[in-house]
Structures are given as C-alpha cells and as structure tokens.
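Comments concern the structure below.
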C-alpha cells in the first residue's frame, strides 16, 4: 500500500505541473590536483591595473606544462551604472556604492601551451581575476586547454570546500594557487559522468517528493478528476541535477532534433543581458571582507559569460550586487526571508534550497528593473544540491504565485535562480542560467534508457540519430569533464526559442550605446559615445575592413560595420529593399533596412488574437491554436495530428485523444503568450490574464453544461413543487363548507308585492299604521335574505 501511495504521488505530481525548476548537485571527489608554480606577470614592473594588457605564464606541477594566458580587460562584465547595495540583517538598505571598474582587475583572453619546440599554440579561452600582483601574484579563474576546463582556486577556498576523498595538501604555509581539471573529477568508465550517490536507485518518498525527486518525464494519461495537484509549478533536480528541465513552452522531440546546431534566431550582433546578484549571509561569511565577496561574484560572472558569448553572442553583465551581512539573523526578516542560516529538511531542518528559491523569487518579483534575471549566491546546500533555477523565465518581470511558510508546496516563479558556492561555481551559474534561457538537459545514458522517455523528447540528443551526449556539454544532467560549451542541440533549442518567441528577449540590449563602468574603452566590443564602431581586440577584428580596432572609427569610405550592424553590406548601408529580418509566418512580417542606417528596424509582429487562417490566431508572432500547440508538443505522446486541447480555459498545455475525451494529458508546458484562454483573457507567462468575471462565468457555464442543465432541471422541479404545494394549500383554505345554520329568530315580513300583480291578500284588513299585518310564521331555514322594494327584483309566487 505504501509503494502504491508513493507511485500515485509521483504520477499526480508529474502529470500536473507546468513550470519547474532544475537543481544542481556538488561534484564528486577529485582524483588529482596541481599546484600553480612559477607564476610570472610579463610587465616591466610585474604590476597590473584594471586596464592592463599583459601575458601571464606559469607551470602546472607536477606535469610541468608551461601555460601562457594572453589577457586584456573585460570591460563589459560591469555596466556603467553597476552598483552594490549593502543591506542590514532586516533587509533594509544600509548604503549604496557604485562599483568602480578600476577596483576590479577582471580579464579575459586566450590560453596558450608551449610545445617542446618552444612554439606557443593557442588551445582555449581564459577568464581571470587578479587578487594580488607583483613578484608573487595571486589570481583565480578558469581557462580551457583543448576543451578541458582548468579551475584555478586559492588554497583557502579549496581547504574550506575540500571533500573528504579529495587529495590532501602539504603543510606549506601562506596562500597559494591550486588547479584542477574537469577531467580530474572522478568519472564512470562508461560515460565519463561524475559518480554520485544520487545516481543510485531512484527513491520514492512522498514526504520529500516536492522537488528533487520529481521528474517531468512521466506523462501518463490520468482521468481528469485525478489530475489535480497542490503544486502549480514543476521543480525538478539538475544534478543528478535531475531528470530533465523544460519550463514554459518547449519544442517537441522533432523540433529538438531538427534544430541541432542551428543558430537561427540568436542575435547576429552582440547583445547584453544585465543581471543582478544577491549574496546572502552564509555566502558573505565565507570571505574575509565584503570586498572579497564582491570580487568573487564578479569572477563567477566573468567566467560564465564567455560560454554565452561564444554560443549565443550574448554577454552576461552585472548591473547590481546586493550584499547581506555575514552574521545571519536569528529569525529571517520579512523583507529578505531567504537570508537564513543553512538548514536542511533531510537533516531535520525546515528551510531547503528550494525554499530559498521560492522566497528569493518572491523578492525578485517586486523589483522593477529590466534585468534578464537575478541570482542568489549562498553557501547552503540541500543534501548535495548546489543550484536551482526556474526554467524559461528570461526577461520575465513580476512573480507568479506566492510562497506560504505553512504550505511546503506553495511556490513563487520568477526570473531567478539560486547558486551555492563551490570550487566550480561558474559552471553551476552557467548551467542554471541555461535553464532560465529555456534549455533542457542533454541526454545521458539514464535519460536515453528511461521507459517514460521512449522517443527521447525530453532531453537534447547528441545528434538526430544518437541519443547519449556522453556528458560533454554545459547542460549535462551531472557534472563532468571537459564541459566548457553548450551542445549543438542546446544552441539550436535556445536560438529556436528566441526565433519562436517562446522565451522573452526584450530585456537584451544591443552593444551600441551601452555605457560601461570604465566609460569609453576602445576594444571592449561595445560601441560607446564618441565611437563609430568597436569590433573588440585586434584578434577579434581580424578580417574586419570596416572598423579600425585601434581608434574605433570607421575606415576610410566606410559608413558602417558589417560585424555590428545588420543593415551593413561591404561597409555601406544596405539598400531599402534588403530584408534584415525574415518573416517567420503570417503573424511575423519581415523587416527591411531603411537605406540610410546600419541598424535593422525593431522586430514587430501582428497583434495577438488576429485571424491568420482557419481556426488559427496570432500569438507571440506565430499563427497557431490551442489544438495546434497540443499537436506540436504532445502529439507524439497522445494521438498525433488528431490531438486536440483538453479545454479552452487554462494556460498549461493539456491535451486529449478524441477517442478518449475524459483522459487528460499534460506536460511541463504552457501555451504561447497571446493564446486565448478562459474569460476572454490571453495567456501570459503561463497565466490567464485579462479575463473578466462575466466571461469567466459564461465560460464556466459552457464548460459544465451537463452540471448546469442538471442543476437547472432540479431547481426547476423543486420550484414547481413548491408552487404546486402553495396552490394546494391555498385551495384548501378557501373551499366553502356545508354546515347547518342555527335558526334565525327574526320577525316575519309580509311578502312583497307589485302593483302589476294586484293587491295582496287581506289588503282590506290593514293595521292601524297603514302597514299590512305581519304573519306569525317564520321563514324557511335556507331562505334568501328578504328583498326590499327598490333594491331587489320582486319575487314571483306561483
């Protein structure tokens, strides 16, 4: 019975949820760790500042490999208006400071290795933050060598986060740098994925089902009456981060395979995604100062941004940092309920990582900025989970739902995630951000063999014909080696979602006119005031004949820059007949160049609700319907092209087979924004918005006609019975009764007469008063009242 109850809980949960979360887990043990030896800053004074360009070399002990990092300032990691807000333990603003770019030596560049011949060969990218320069430099960051990421961390950080089975350190005093590779993490022989306890036999405990035990792979058909769950949104685990993650509207399996490697929909020119980060008390407490905490956040974003730049042409840029004091409050403030000491339900506590995400999401929902998303940095974990993220919430403002401390299943969904501090925090951050951009997990051996995922539609396959991606990419369900890029499938999925508008992109800005923290900096890839163009450093500008990388001015005769302006062809403005953005259908008209500018006009689409075909309407620039979206997303699991929407009311994708009209099929999906829903409203981020009470009543009546008819008939019958009862009662009260009247003792009157009948008898014997004499004879019992002359007609006697 217990197993049966558990199974029911799993099915009910999986079948009813439409928004969900992904959870990362900590890495497994390290097989090897190296010490960074002989670091040298190649400047005359061995000194650098925030705007320096320099080379940095060092050895990897004990391999003795010589590494060179060719570095330059990363100016676009901080926005011009970037600030840090210091909060007190109650969540009130203590002070606000501008983040000065000169205070943060943040660099980007390329990694090189030296061959035995002495020749340097470029082998990857590098992102570094310099803590100390001089003859004994100290830096942290990440670089890649042939797609294998190399993490450089300070000894103090390694000691604090060291796993029990990690290699021990010697007794060398002082602070120095350590390095480990992705390939140094313990791996299974079959797939190269990290071994974890979470990968053991799946557990099924209804009491802890809410988050990391959930799987949105389960889509069994359920009767409608059994398809109600207390959960409004779906949370799944990312590591084993967990089965999958697909929030919002996710393309079906055919779409995932068809878009592998496609960048159609992603920006052709650099875009900037502004983000906000909050450091809670547990995170701040791991650093010697608030300045160190700030530097670590900048380092994390600096490293993660490179993956998005290379894959999607989007830079992640810090707009605001909030830092809470290192001393955690005894009782969390209502202003910052997420700011609590570490607590774990599994260990008898009551505040999990999922609770932090819920309360943080509610906090983020009150912010009025235009940031792409917000991240909460913490030092807490739940068991071995180190990250959670809501799916497909890029650029989403506000919040759906509200966390209730009395109800563990209540959830608030917003553009937010939670990242725990680890020795590879940047990877967790990049992975969680990938879910906010709408990516599902890459397929691994477990997902490919899952019987509830027969067509591999809930994960990104390696190729159209191969399921298992073998743990090589950023959206792998578990941490693994050589993870430095998104898979071709993830790139295709995110780009296609941008093209189809199943994620918002309105918060992404162009690199033109974006102020950076350092003001005008030629070579940072952002076109600022006083610059015509900026193609980046000289390496990035190779082959660019339109822009001079040294002056950031157009070359002689150039009107625009092909690399940064969509309406620029051969350094000249494209003609007005040039299509700079193609149409994706009848609801998305093409845009053409103006002929006098290098910029493509804003992307516009037809108004939602407009007719675009038989039984089709425009929604988010697509010509579609509820039935068509059901066919696209769940058709291969239901009835193919015969699949139809279960009803016309909600915004979660619920479908049915016409042959089984009472069986409801659901997935972790929502209808496109602009799709009609109940009460005359339209779907917006998974919620029905704009409905009216009158229309909702009308819709409810139309959806429940049998009930309405039954109630009406029953009420009518009761009313008729009541009326009939009243009529019968009234009739009984008014019916005359045949009762004998008592004798009336009254003086008899002489019968009336009329002159036409002659004189009455004994007329000659009148009484002295002239009145006829009275007969002493009583009238009959039932005689009518006496008639009086002039009032009643005379009575005739026979």
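Keep in mind that glycine also has a Cβ here, set from the backbone N, Cα and C atoms.
Computed from a predicted structure; not experimentally measured.
As annotated by Swiss-Prot, active site applies to 432, with the evidence given as sequence analysis. According to its DSSP assignment, residue 432 (active site) is helical.
Per Swiss-Prot, N-linked glycosylation site is recorded for 32 (among others). Residue density at residue 32 (N-linked glycosylation site): 14 other Cβ atoms are found within 10 A of its Cβ, drawing on all protein chains shown.
Residues annotated as N-linked glycosylation site in Swiss-Prot: 226 (among others).
According to Swiss-Prot, the feature N-linked glycosylation site maps to 227 (among others), an assignment based on sequence analysis.
The Cβ of residue 313 (N-linked glycosylation site) lies under 8 Å from the Cβ of 266, 267, 268, 269, 270, 271, each of which sits 6+ residues away along the same chain. Under the heading N-linked glycosylation site, Swiss-Prot lists 313 (among others), citing sequence analysis as support.
According to Swiss-Prot, the feature N-linked glycosylation site maps to 407 (among others), an assignment based on sequence analysis.
The feature topological domain 'Cytoplasmic' is assigned by Swiss-Prot to 728-798, with sequence analysis given as support.
If you look up Swiss-Prot, you'll see 707-727 marked as transmembrane segment, on the strength of sequence analysis.
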Local Cβ density at residue 432 (active site) - other Cβ atoms counted within 10 Å: 29
Roughly where does the topological domain 'Cytoplasmic' (728-798) sit in mean pLDDT, to the nearest integer? 51
Cα separation, residue 432 (active site) to residue 32 (N-linked glycosylation site) (Å, whole number): 27
